[in-house]
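**Student:** Next up is a structure, given as structure tokens.
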Amino acid sequence: MYVYKRDGRKEPVQFDKITARISRLCYGLDPKHIDAVKVTQRIISGVYEGVTTIELDNLAAETCAYMTTVHPDYATLAARIAISNLHKQTTKQFSKVVEDLYRYVNAATGKPAPMISDDVYNIVMENKDKLNSAIVYDRDFQYSYFGFKTLERSYLLRINGQVAERPQHLIMRVALGIHGRDIEAALETYNLMSLKYFTHASPTLFNAGTPKPQMSSCFLVAMKEDSIEGIYDTLKECALISKTAGGIGLHIHNIRSTGSYIAGTNGTSNGLIPMIRVFNNTARYVDQGGNKRPGAFALYLEPWHADIFDFIDIRKNHGKEEIRARDLFPALWIPDLFMKRVEENGTWTLFSPTSAPGLSDCYGDEFEALYTRYEKEGRGKTIKAQKLWYSILEAQTETGTPFVVYKDACNRKSNQKNLGVIKSSNLCCEIVEYSAPDETAVCNLASVALPAFIETSEDGKTSTYNFKKLHEIAKVVTRNLNRVIDRNYYPVEEARKSNMRHRPIALGVQGLADTFMLLRLPFDSEEARLLNIQIFETIYHASMEASCELAQKDGPYETFQGSPASQGILQFDMWDQKPYGMWDWDTLRKDIMKHGVRNSLTMAPMPTASTSQILGYNECFEPVTSNMYSRRVLSGEFQVVNPYLLRDLVDLGIWDEGMKQYLITQNGSIQGLPNVPQELKDLYKTVWEISQKTIINMAADRSVYIDQSHSLNLFLRAPTMGKLTSMHFYGWKKGLKTGMYYLRTQAASAAIQFTIDQKIADQATENVADISNLKRPSYMPSSASYAASDFVPAAVTANATIPSLDSSSEASREASPAPTGSHSLTKGMAELNVQESKVEVPEVPAPTKNEEKAAPIVDDEETEFDIYNSKVIACAIDNPEACEMCSG
């Protein structure tokens, strides 16, 4: 059997030669479990006559990827083979690659089609020796196989369909695209990104250094006006933004409802849905950067709009096709008044914005006064508030949407409140910025890789978290994002105007779950909750400090005066809480009041779906969804096991084919294994096995340091109206801005697992674990304070205990989510004297025949116990086991 070499030569397939090549790439891997000969045997079985060496390397990489379930080091080996293959096919010198991309001529048209901007090309040519020598190609081998395949599929630039860039080339291109002629800053960014301390968001990786460097991820668009001209001008703006890889949040509160009078034609309006379908088709047609990602729009609507029932159902799988728009994402911009009416089982009135103008232009007490005035004047149609609430929950259970964002919390706790009323969030519910017909809000994103700051002692017995290093890196990311604002290509002038005036940025995180697992902290432990607080306090302080330093050099952003920050009010002040106290907030506050900040907003932890795949971590701040899952690439589907769990099971001596099949049957859960120590069961709980109350508590803890919001998904294995209501009201009373991004659920029934041998799977419970082999470093919590000596930490000291996971402030029990007084994070449940009778919510009345949109029929007993029960909503009862939230 013959193989064709890269130079066209033909030679016999040699077993020993393949084995030697694989062995050379096994450095640093576990020799007990990585067998180069076994890999070669599997490769040979798939070889065919006339295979090329490139195809042979691809086959070898895929073979190792399939063996990842044997040991996680096989994933590393797969990546090394794939990257070694890429290195053989691509030019090494960065400057030569840039030149090839710059001088690219389109084969179909014969015309020049440069993929690198003139500016970046000239910078590279002028500094090519310095840049070429700065690149460390060995860092390419630190990517996982699936991380590399993600880069290869969508991020690395191609010439005539062939990948031309290496991962290190991409990172240097991004660094130069951001910093231009500031070579030292570019090299700092290159080194930190290539060492995987942080990554910029996908649009920045796609477009930095290209002729049209649109590096922003998020755009918040305002409907220009309720007219044909206004609607179609807005549609064009959305198309231009989507064309350049931007995700869109669009508020449509001001569009008249179905049946409203149209003065210009003396007719009546068709309402929101036909217009929404036009936007739906635009999202389908205009993808993000040539099939890299589909176009994506989220539409925001307040629940008083008369078309609200049709709006929340647009993604449902059944119903009339002409009232569906399944490529858009509905989102609710909910005022506190609606939540109060649901809680009280009160009425709710629906209006057309033409008959009740101004409701979207105010919030808080002003909104309530205007809304109740319109109600008294009889301008709308009144329904039971819980009827609409039920329809919202029904849609969420079926489709995962609509998203829930709280209007009053977003406006009340924003540093942009001096600009006007904020009317929407973005596609992923983490960006909260002011937008107007002449200003499209923009945000540039980057995420810090949290596991990169774990340090293990020389003897391997203890591990610590380096907050000082995290602080330094977060400041670098802040400076980078601020630079992106100036170097960015803006698809529409409204976006340029807004971004230059207010200069918001968004720092996020990825790998929080990985950090907890590496430090051996269960996600729902008190230690993990404290670390969560410390991490976000550190990043917020770093971002504000860096922004203040930039303001001292370049001046504050244009609209700084009049903002809360200009008065010394920071995000935790708006929550009426004091910071944990690791950092010197008093000095920073004084500096901000004196010099200003360069950026109006700095924090917004976002979903990191693609970039966390690249770096090999779990998404953003979420727990793991499963300890075993499938990963699809072009060549097929691969089973992937949580690498931390897999190493532990291998060391315990109980990982085998039976254990693998057991995990598949249990959807990645190890909770039913009698031979696994309890500490591992606690450590490797999936999100389905963690109380959602814990998730919401941790979200509220970090929100004190998040001046925008964050993309908070909620997870319910089997959602019911009671559980959903309980979660929504708990999050609202905690003061969250984003109550829910997606609702994630599990299928009601599992597919038949034809490939599983149940007898083999059952043997997994019989293996005897050798706990003596499980030696891992223990976490040493940080007691360091980086505050000035005269700064007294508010709230808690480094050695203080933090609240139990069931604790909450008395303010969070009230009907209004606004905090009523300063309170310490150490206040526990025992200190509270909460009366169950504070909140009484009557049961949902049975739907009557003449109601326009009857609720689905449910069992009476389930309705009485499950829906809007006062105990479920208040969550303040003596017997936690009787509460849906407390019992998990």
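Glycine too: its Cβ is placed from the backbone N, Cα and C atoms.
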**Student:** With reference to Swiss-Prot, specify which of the listed residues Cys443, Cys548, Cys620 is paired with Cys218 by a disulfide.
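**Tutor:** Disulfide partner per Swiss-Prot record: Cys443.
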**Student:** Out of Ser194, Ser202, Ser630, which is the one Swiss-Prot records at the GDP site of Ser217, Asn426, Glu430, Thr608, Ala609, Ser610, Thr611?
**Tutor:** Ser202
**Student:** Looking at the recorded positions Cys218, Ile228, Ala263, Gly264, whose Cα is closest in space to that of Asn426 (active site, proton acceptor)?
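**Tutor:** Minimum Cα distance from Asn426 (active site, proton acceptor) across Cys218, Ile228, Ala263, Gly264 lands on Cys218.
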**Student:** Here the recorded positions are Asp226, Glu430; which one has the lowest number of other Cβ atoms no more than 10 Å from its Cβ?
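**Tutor:** If we count Cβ atoms within 10 Å for the recorded positions Asp226, Glu430, the smallest count is at Asp226.
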**Student:** Among the recorded positions Cys218, Ile228, Ala263, Cys428, Cys443, which residue has its Cβ surrounded by the fewest other Cβ atoms within 10 Å?
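**Tutor:** Across Cys218, Ile228, Ala263, Cys428, Cys443, these recorded positions, the one with fewest Cβ atoms within 10 Å is Ala263.
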**Student:** Ranking the binding-site residues Lys243, Arg256 by other Cβ atoms within 10 Å, which is at the bottom?
**Tutor:** Lys243
**Student:** Whole-number answer please: how many Å between the C-alpha atoms of Ile228 (dTTP binding site) and Cys428 (active site, cysteine radical intermediate)?
**Tutor:** 28
**Student:** Radius 10 Å, atoms counted are CB only; among the recorded positions Ser227, Asn426, which position scores highest?
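**Tutor:** Of Ser227, Asn426, the one with the most crowded Cβ is Asn426.
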**Student:** Starting from the Cβ of Gly264 (dTTP binding site), draw a 10 Å sphere and report how many other Cβ atoms land inside it.
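**Tutor:** Around the Cβ of Gly264 (dTTP binding site), 7 other Cβ atoms lie within 10 Å.
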